[in-house]
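Only one structure is covered here, and it is reproduced in the block below.
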Amino acid sequence: MASLEENFPRGGIQKKPAERKTSKPKLEQDNLFDVHHEEKSQKRKRSQKDQGKQKKFKADKTATAKDDVVNIGPLTIQALCEDMLLLGCIKEITDYELVISLPNGLLGFVPITQISDAYSKLLSQQVAQGELPEGLNSLSDVYSPGTLVRCIVTSVEKSDDGRRSIKLSIDPKKVNKGLNALALATGMLLSGSVSSVEDHGYLIDIGVSGTHAFLPHEKAKNYIKALKRGPDLKIGQNLTCVIVEVKNEGRVVRLSIDRSEVAASLATEKQNWALSNLLPGLVVKARVQKMTPFGIKLTFLSYFTGIVDFMHMDPEKSMNYSPDQVVKACILSVHPGSKAVRLTLRPAFLHPGGSPNQLSSDRVGAVVEESTVKAFYKQFGALFELDDGTLAFARLKHLSKNRKSFKPGAFKAGCKHKCRIIDYSLMDEMCLVSLKHQIIEARFLQYQDIHTGDVVEGKVLSLKPIGMQVKVADGIRGLVPSLHLADVILKQPEKKYNIGDEVKCRVLECNPAGKKLILTLKKSLIQSKLPVLTNYEDAKPGLITHGFVVCAREFGCIVKFYNDVKGLVPKNELSSEPISCPDKVFYEGQVVKVMVLKCEPQQERLLLSFRLSSKSGPEDKRECTSKEKQEVKYQIGEIVDVKVLKKKDNGLEVSILEDEGNVVAWIPTQHLSDFVATSKLLWHCLQEGDVLPRVMCLSDKGEHIILSRKSAVISAVQEEQVVRSFSEIQPGMLLTGYVRNVMPFGVFVEFPFGVTGLAPKVSMSDKFVTDTKDHFVVGQTVIAKVMSIDEEKRRVLLSLKVSECSSGDSAAESFALLNQYFKELKEIRDLLKRGEPSMAQGLCELVPGKELQLVVQDVREDGSALFSGNCVTGLTVTATRYHVGDKNIVPGKKMKVLVLHVDASTSEVYVSLREELLKQRPKRQLRENSQHSAVVQHIAEQFALVSLLETGQLAAVPIPSHFNDTFRFDSEKLKVGQTISATLRAVKENDHGVLLAVQGPAKKNFFVRVRNESETVLEEMLPAVKHSLSPGDIVTGTIKSVKPTHVTVAIDDKLTGSIHASRILDEVPIGSFPTFTLKAGQKVTARVIGVRDVNTHRYLPITHPHFTQSIPELSIRPSEKEGEVTAMLNLKEDNACKKLGLYSVGQTVTCFVKKYNILKNWLEVEVAPDIRGRVPHLLLSMNTKVLKHPEKSFKIGQAISATVTGTDVTETNLCLSLTGIQSLEQGTVTVGMVTKVTPHVGLTVALPGGKTGKVSIFHLNDTYTENPLGNFKVGKIVRCYILSNENGKIQLSLRQSRLNPKIYTKVEDVEITCIKDVKKGQLVRGYVKSITPSGVFFGLSTSLLGRILFQNVSPYFVQKHSLYEKYLPEGKLLTAKVLGVNGKEKHIELSLLPEDTGMPSVLPESLGLPQYGAEEEKREAHSKKKSEEPKSKTKRRRGNSESGQEAKPKKRKICPADENDSGIEVYYREEDEDDQEEEAAKKKSEIRKPGEAPRLQVSMGFTWDEDMNAMDIPLVNQKEESSESEEEEDPQSKLKKKTKKEKELEKQKKEKELCKVEAALMDPTRQPQSADDFDRLVLSSPNSSILWLQYMAFHLQATEIEKARAVAERALKTISFREEQEKLNVWVALLNLENMYGTEETLMKVFERAVQYNEPLKVFQHLCDIYANSEKYKQAEELYHTMLKRFRQEKSVWLKYASFLLKQGQTEATHRLLERALKALPTKEHVDVISRFAQLEFRFEDTEHAKALFESTLSSYPKRTDIWSIYMDIMIKHGSQKEVRDIFERVIHLSLAPKKMKFFFKRYLDYEKKFGTAESVLAVKRAALEYVETKSSLTDT
């Protein structure tokens, strides 16, 4: 009836279906409000008034009233049904669905197929075509969170675990199915979806068949603008529309989504809304009808009734409403059956088109300490006010742990509770909270709480081929890919993992937006303590971390880390040994430890290495240096000096001198010079051991540093004419680089910093390119112009055409090349001079132009001649046919020849016999830039040798005009004998005996006028330049402007001159501004001293042909106005090198500040109009304040005095210093800049002159601080004192006592330079260096380390060394006391104990650690005589106190882990002895009285290294030194003779000590402390295996494996053969020892012997246990297989193996084993074996199979009461009550002997008394009576 009434409402005031009749489901649902009431109908009929008059029974009235109250509760998931309409708000958007927030905290889901018809059509199209159709956008592009949508429930699905999931649709066809065309009216608000985009607007699908809805563009404009999601609406977009116009009976409607129109819309009676088509989201005017505690009843649209629950009241008004009050409300939901309508009064919903308030994302998951109860609603939950004033709701099930513990009294209004925000309901605008303790304490609530790298625990949900699904927390599931199920690939993961298992995983990747969580179960990753690499930015070079191999190919391995970060390990970094097939060595999923070599975060490129730098202890010097090697990183562009180590075919292996030759680098042959020929020649000339200065670092990839000596590349880097990354490249740039590769399609060019580009064939040359190899060779220096760049593919296209890459002044460029070439040739000559004396010397002495007397050796057919002579031994001397001329030559004839060219690479000399060359002519004064006719005499690779026609002098003319000018057609090549025009550039012969010239312009009919000596160049040039000024002319002009470094002067209308700051005064006062002495408009008289070219700022002589285009350089210095012009002319040289050559190093010059270059960190100055200089940052001042802000300290134009230190690489600037020439000798104070801060080590400081120095943390301050490097950052300027400067390695100090010794006299932490500075008993401070098993290493100075034994670290005993690492981190500052100094071994023993240092213990008392031994005895007055030995103090502490009282020290026990438990407990000890020491120590053994030892006790100790044994002699707690330590005594104490009294006292004291030692040895409870003690004990009890095992353990803790083995062998010989068990104990211990410390081979040998001497089965079983405990499962399995063959009749073997398999989780294998066992064992054993197997399976959770075993056994052997008993016991333990009762019932109905039946009845009765009820107890008694009666009746019959 109820359902009928719900679907077919009858007349009368409708009864709501009574909820009381529906049974409450037991299952707890995951909806918000746990109220199980069907939604009651709130509908009113139009004739309500009449029906209201009908009579009712009184009872009916009260029931209805009661129902009303109950029903105005929140909406529940049970109340939802298909076709129910709801207003929802988009909460989240995923790829395939929308997550919708529904009223009252419910959640629904809209699948992608339920958006709209048009959208689904596009999706089908995509599936069919396989490509994205036009107009289809992803859900996230169409929708945004916070949008209100109308939905309809399509289904409420129930999952396996009882949870319900609400599936919704927002398709207008379904939402608006209650509407038809006739019902449409203007002003109606409804949902629509964009179905297509047209020219003038959009077609909207409103789901009404036969109606076309159109939305014009102008009505959508401001909505689109506010949405900010592009210019158009998208297909599938859901809109809230208002009907503006209805035409043709509703067949055509016009819509608007204008925000103001939508917001103002109100549903009215005129719009003819009916219950059948009422839509959620409509805003109505309503009247309050009735108030209840749970909400309000409203009437709206005249005759509809609705309810508002307490969550949807207006929060401002709360419950302050009065009946008949008119309010605005919004419809939230409409029930299709009962037509019950729910509304909201919350302001956010009262304007359609709005959206509810959001909550900040970080608020979800927050714990609120105090939230106040606002109201408690029985059956629903409670409303709270949070700390920020917002409201929150907690559903009933979230108020307490369970129903039983719920106390309603605690939720009265005003009570305060701690809660946690678990979600935010958008539709209720309130947080949902929980008071459950486990939720408040939960680590993870949502995916956002989980971070990559977290270790989490979860439960296995399912195993699939793709991997394992793990439940991490409620609502959080993760996937473990199959690759990550274990450290190795699992073929059958189901054998290792079962559903429901608890597993520990680590988060590999977490994407909260996509709810994606990837986990790993690899133990190595979970337990890794190395940093977690989650992004490319963190991958700093040198970082060592764990990753896993995802791919191994021939090129190397790809290793992946967290968050999908992956990198490449190239083949050469896989191992120190070459690996040919990486895919055979490495497997997918393998966990590896890698080091980062290089990372480019923008490109997401990561380069890794498996070759980790070895970390060594402080003793290992060799490894330390290799570690340092790793740290040395060279910047690209850094200039270093190198020494040749080895010559290889393709280059030189060199060591960098700055690092004492520790760093090995590589110079490829082609990088030795800019010229290919010179590179090869230089390679031939260089020998191992030669030093090459000024080489530049080109790249530093980890261990491979590549250097270059190409001067063009070096100067490009130093001039910053380079690009450091792809992003800096701009088209049009000119860049210097070198050819990387020559391909048929073009040339690849590489530039410094690794950028490469391609010059295609068409852009390679101005000439036609047939073969690219004819034009360029690999390694050649080139200048390239950037033509274009492709950002996406990161490609650069270049041009190498000379026409585009040259500066335009080809003469200057070609001359610069020639100059550089001869400079490099000179270096080669210098190298040759110190080579093999004979030939090399000969080569060096031969220079072009030298005349020789040689003998003709041979005349060839082609007319050329070969010569020989003493001065040319070993060389080939040739004269070509042209150079033999018309001379008559015959072999043997002596002739005079002139050397033309010497080719050192082929040892060939070219000579000439031509008369015009040999003829002596008077030397003429040649002028620079004079043009001459010249005849080509010889052609070499880089230049042609010509002879000047007039003088016969030889000159070199460059052949290539540019680096890229490499190819000539035959017609262009110079020919020998050809006459050319040459312009001289160097008029003095260089070291090679030639003048330098450039080729002049080629003119036909070239005519050279014969000149007189008297004619000057000036006269010759005068006709060319009219009305120009000559140097020396006096001019008058007016000052136009005054600049800081120069003044411009107007000479006449057309001509402007310039006066440089250095040309104003003869004596310039330092600090003054000379240009400011002149004023604009002032008239001046000046003298012309030269010309300045405006473009290049190059100072040219007055004779330049284009003078009219240049600015005259003037001088108003009195001395120059009156001086001679010729003198000035001679000073002005065109060649910059020569000009700079006039300045010598150390010379003081006055210069003028031009600017401070912040990028380059140098001060640019001008010395003269044509000479510039640079002052590096660190040479500006010795004052650190000036260096911090140099730009403020130097004003432009200011005159400063500087010292010349040299010229720069390009030789265009002087290098200057304002602080003189820095010597950097020991003891000097200088300034520096911090370039690197190395934690716990110190600073690297850049010093003046390009050197670097190191500052140790011990030299940063006179007082050590906790964070010594905290005040230092890279770039900080510091004053430094040079401690030492040896082999280019500079050590510095920043201590004030060094920098200002007069002022700073107080030094808290004195410098310790050597071991002699450390005295015994002294208190010293220092920093913790490292913690090793030998103790704590403690840095006292840069070179000295001390050691603190663990017993001297703290008075507490520490089990875990990780505690030390926590409280003594590297770099911690501590005070220690020196206990002993061993000068020979350089060992210092220290103590941190509070009684020694007076400082608190480094381990706090709060840790509650046990104390060492008894209280330490009080120190005596003559404590200065206490033992030198570092351990004596510990001995005193652990010995008995002076008074003779004995104190029992606490036992310090280290419990071994269960599975590795060898049955030996380990005790701590401090000393260990060698055999030689045992005798000496026998009488002085320390006395100790521990408690009773129930198990074996082993002390743990350690040594520093082998040499330390001398110091490790155990001492008794006597105060003076033992005889062994005499050599370590203070030398002074030896010299002092003791007085008689002192001797007497000493004698007495010794006697006392001896008595004490004797008493101690007599003590029976004494614990053995040495090998002697143990020897004594085993002599007294030779058959006690426990003593022998303790003796073995004593040696083992000192890792003296051999001694432990020897003790075991002794024990086996000594123990009586009758004591089988004792002997077996020793064998087992020996097997344990070999398993832990030996090899598989030694273990097997011991095992074979043990099997011979003992019962074999026992030995086998013990070894299996040893294997299993040490997790060697494979070996254990193999051994079990052997046992099954050898002892197949032994039941215990089968059971032991079954237990082993079940522990491994191999249930299937256990089942198979049982079948084998039954075949092998005799039949009488079967029942017992099956029973035992079943018991094991019960124990290891395989209950179903175990039950099956019992059942099958009992069905075969029903009278085996022993099996029944076992089955009962197990079921009582593991089964349910029903199962147990079933078994009892079966048993008591068996026909067994009365005695046995009595036993079972008694057990049944006991069980029921314990677990059952009174009725069940009676039932058992009745059954027993029945049994007795039947028995007696049988006996009667």
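Quick reminder: no glycine exception, Cβ is built from N, Cα and C everywhere.
Features as listed in TrEMBL:
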{"type": "COMPBIAS", "residues": "16-41", "note": "compositional bias 'Basic and acidic residues'"}
{"type": "COMPBIAS", "residues": "48-60", "note": "compositional bias 'Basic and acidic residues'"}
{"type": "COMPBIAS", "residues": "1415-1432", "note": "compositional bias 'Basic and acidic residues'"}
{"type": "COMPBIAS", "residues": "1479-1492", "note": "compositional bias 'Basic and acidic residues'"}
{"type": "DOMAIN", "residues": "83-171", "note": "domain 'S1 motif'"}
{"type": "DOMAIN", "residues": "187-258", "note": "domain 'S1 motif'"}
{"type": "DOMAIN", "residues": "281-346", "note": "domain 'S1 motif'"}
{"type": "DOMAIN", "residues": "365-436", "note": "domain 'S1 motif'"}
{"type": "DOMAIN", "residues": "453-522", "note": "domain 'S1 motif'"}
{"type": "DOMAIN", "residues": "542-611", "note": "domain 'S1 motif'"}
{"type": "DOMAIN", "residues": "637-710", "note": "domain 'S1 motif'"}
{"type": "DOMAIN", "residues": "732-801", "note": "domain 'S1 motif'"}
{"type": "DOMAIN", "residues": "1032-1105", "note": "domain 'S1 motif'"}
{"type": "DOMAIN", "residues": "1146-1219", "note": "domain 'S1 motif'"}
{"type": "DOMAIN", "residues": "1227-1295", "note": "domain 'S1 motif'"}
{"type": "DOMAIN", "residues": "1321-1393", "note": "domain 'S1 motif'"}
{"type": "REGION", "residues": "1-60", "note": "region 'Disordered'"}
{"type": "REGION", "residues": "1397-1497", "note": "region 'Disordered'"}
{"type": "REGION", "residues": "1518-1549", "note": "region 'Disordered'"}
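The stretches the domain 'S1 motif' (365-436) and the domain 'S1 motif' (83-171) meet in space: the count of Cβ pairs below 8 angstroms, excluding pairs fewer than 6 apart in sequence, reaches at least three. Contact counts against the domain 'S1 motif' (1227-1295), taken as Cβ pairs under 8 Å, peak for 637-710 among the stretches 187-258, 281-346, 453-522, 637-710, 732-801. A contact links the domain 'S1 motif' (732-801) to the domain 'S1 motif' (637-710), because at least 3 Cβ pairs that are 6 or more residues apart lie under 8 A. Remark: secondary structure over the domain 'S1 motif' (187-258) totals 14 helix, 34 strand, 24 coil, with classes taken from DSSP. With helix defined as DSSP H, G or I and strand as E or B, the domain 'S1 motif' (1227-1295) counts 6 helix, 35 strand, 28 coil. Residues of the domain 'S1 motif' (732-801) grouped by DSSP class, helix first, strand second and coil last, total 9 helix, 35 strand, 26 coil.
Residue counts for the domain 'S1 motif' (281-346) by DSSP state, with H, G and I taken as helix and E and B as strand, are 3 helix, 35 strand, 28 coil. Mean pLDDT of the predicted structure over the domain 'S1 motif' (365-436): 85.
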